[in-house]
Amino acid sequence: MNENKCTDKINNLPKAIFIMGQTAVGKTKIAEILKKKLPVEIISVDSGCIYKGMNIGTDKPNVKKSSSDKYHLIDICEPNDYYSVENFRLDALKIMEKISKKGLIPLLVGGSMFYFKSLLHGLSNLPSYNIENKNLLKKKINEIGWYKSYIFLKKIDPIFASNIHPNDHYRLTRALEIYFSSGNIPTNLFKAKTKKLEYNIRQFSIMISDKKILYKKIKDRFFNMLKNGFKKEVEFLKNKKQINKNMPSMRCIGYKQMLAYLSGEINYKEMILFTISATNKLAKKQSTWLKKWKNINYIYNKDVYISSEEIFNILKKDNFID
């Protein structure tokens, strides 16, 4: 296929806009500003915002009842539910199709990079989550211990085992679950991908290049969360929703540390230090991902209104919008 035919094929595909970036850089605000200018509906790409009642610690948008202000994939699960990247991909694809059929453009915004990657490049055909199998596996792991479980994984799939830490109990459990459910090792299954995303996409990365400025934003944001009642939010989840540290929702930064504090595992000062440190590490990890990302426009954010204008102008220049 020559270049012109390839371009024509892409231009005939339904459109989508991706806004990703480091944590605390103003992605959501930029998306909200763009929504006032563009024929879009917003889809959240955030592994924390899917959970009901987890509002302050995820810096969740203030979702109004009006359908015109609707965010998709926000408040769709209880904190004790299991929601995987596979679930996200299926849900996001269905919503993107519905938005496109309305003649609108899906605008996906968030910082969960693996979610974005799953949309763009597909996922391996892994066995679906099964609570009964998981409980049986947990029972077996409790009998033999985490170390022996890791040694077993290393024996059956040394490649996958070499890419995870022995103390990464979540990924270790998932790897063993895949093996016992399918009879195949994770490394082999990860080679087979589902279909890639057939959309004409414009991707934007919102970045803050000055680490001191970014880390100050992260620190200030967390202290605002504490001021706005984050402790009470997690207390409610702990007491009323019976959440515990082993649930996927409690892997979210801030919730994990606050729950540890409320359970008496760490003190208040440690909770603050550990949360800010973990968020800084996340921002660094996101930056590493994004620097390697293909076909992306980097927007260095000093002001959300200026950044949204930059994005709008790029879309206009590319004839992506009328």
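Just so you know, glycine gets a Cβ as well, placed from its N, Cα and C.
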Checking 46-49, 154-157, 182-185, 226-229 against Swiss-Prot, the stretch recorded as region 'Interaction with substrate tRNA' is 46-49
Using a 10 Å radius on the Cβ of Thr23 (ATP binding site), the other Cβ atoms enclosed count 20
Cα-Cα, Thr23 (ATP binding site) versus Ser112 (site 'Interaction with substrate tRNA'), nearest Å, comes out at 9
CB contacts under 8 angstroms to Ala24 (ATP binding site), restricted to the same chain and 6+ apart in sequence, sorted by sequence, are Asp59, Leu214, Lys217, Ile218, Arg221, Thr279, Ala283
Same chain, |i - j| six or more, Cβ under 8 Å of Lys27 (ATP binding site); the result in sequence order is Ile19, Met20, Gly21, Val109, Gly110, Gly111, Ile206
Taking only the CA atoms, the spacing between Val25 (ATP binding site) and Ser112 (site 'Interaction with substrate tRNA'), expressed in whole angstrom, is 14
